[in-house]
């Protein structure tokens, strides 16, 4: 068999040494990223690409400054999304979420060390900000059995040595999520353990210019994927024998096609299964002239979360009047609440001034008015007035924050729930709704 050079070459000569996002134009590279399909769609849409080298440096600088500002020796992270934020590297993210084998230490001088799976230390080598790759942070029972304490002692000693060298010997160490033996071992080394999530969540809350560009690209890819799902649903459901899972599978596939990574939940339901909300997507056959409601919770291109929700009426008959009213009411709810968004407004003020849903929808209203979003659902959370805890979120909004504004509108004992959600950027002067996906005109009564 003849093998042609065009089939094996590593670089596309039409693109130069780097792609438009300033990552290597190498077909065999280690780091993951958007696909050619995604790049082509973004170019057609006129979207500017992020500079990933600059984005990584921005994130690293924010983390390092956060450590210094709090007078810590460093921050030790096990959460795979905190590690993604700091290094932009991934390794079996969902498996890692319940088997924490990865750890990352950012010291007060910016020195960054990752502990990775021993067979794949190369997965972060594309990022020069990661100065060392080690292994040995897997402190869970499956991996260590009855000798977890021995591994934890060795790991904690490495952390102590690194903080002595790169954290000024400051024994105040922020930690986000850690297994029990790891915590005990760090304390035995003399560390004062500080709340790492407070540091990482507030650091991640402000998005830099390149993160915002990456999010715009991710939103476009998500909305394109949602459009494919809607097209499939409207074509297939009236023909019969199309399940919720069939529809949901389209979003998964379209996300992966564009370099997206996973979907956090299974929040797509149809007909009476939409009420109460939070029933998971399943094998139910969707009937003609029924509602479909969903929440993307999608980790998409560049690892950016796009968290939007829509409800569709699928069929040839008109939706019932009470459903149209609920849709209009939900739309009014999120749009009225969105109008409050601007720098300087505090989270308690957002709660206090929020639009009030009708009494019939109070019992099953959503768990929050708004929440932050970046690599996943993030800090802060804006609670409904009757659920707000005084003192828990006494902070103002700042430019660069991104919030999801949402509503779940369905009456107790009803046969539907409307689910709506848009993703919104806080600007210097107000807000910008990053979401452009249309609302179902039939449900809007148009």
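Glycine is no exception: its Cβ is also placed from the backbone N, Cα and C atoms.
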>> With 295, 297, 307 listed by Swiss-Prot as divalent metal cation 1-binding, which of these, 421, 428, 432, is given for the same site?
In response: 421
>> Need one residue: from 290, 359, 406, the one Swiss-Prot lists with 307, 371, 421 for divalent metal cation 2.
In response: 406
> According to Swiss-Prot, which stretch among 1-30, 31-60 corresponds to the feature region 'Disordered'?
Replying inline: 1-30
> In Å, rounded, how far does the Cα of residue 295 (divalent metal cation 1 binding site) sit from the Cα of residue 406 (divalent metal cation 2 binding site)?
Replying inline: 10
> If you draw a 10 Å sphere on the Cβ of residue 406 (divalent metal cation 2 binding site), how many other Cβ atoms land inside?
Replying inline: 24
> For the binding-site residues listed here (295, 297), which one has the lowest count of neighbouring CB atoms within 10 Å of its own CB?
Replying inline: 297
>> Counting across all protein chains present, how many other Cβ atoms fall within 10 Å of the Cβ of residue 371 (divalent metal cation 2 binding site)?
In response: 21
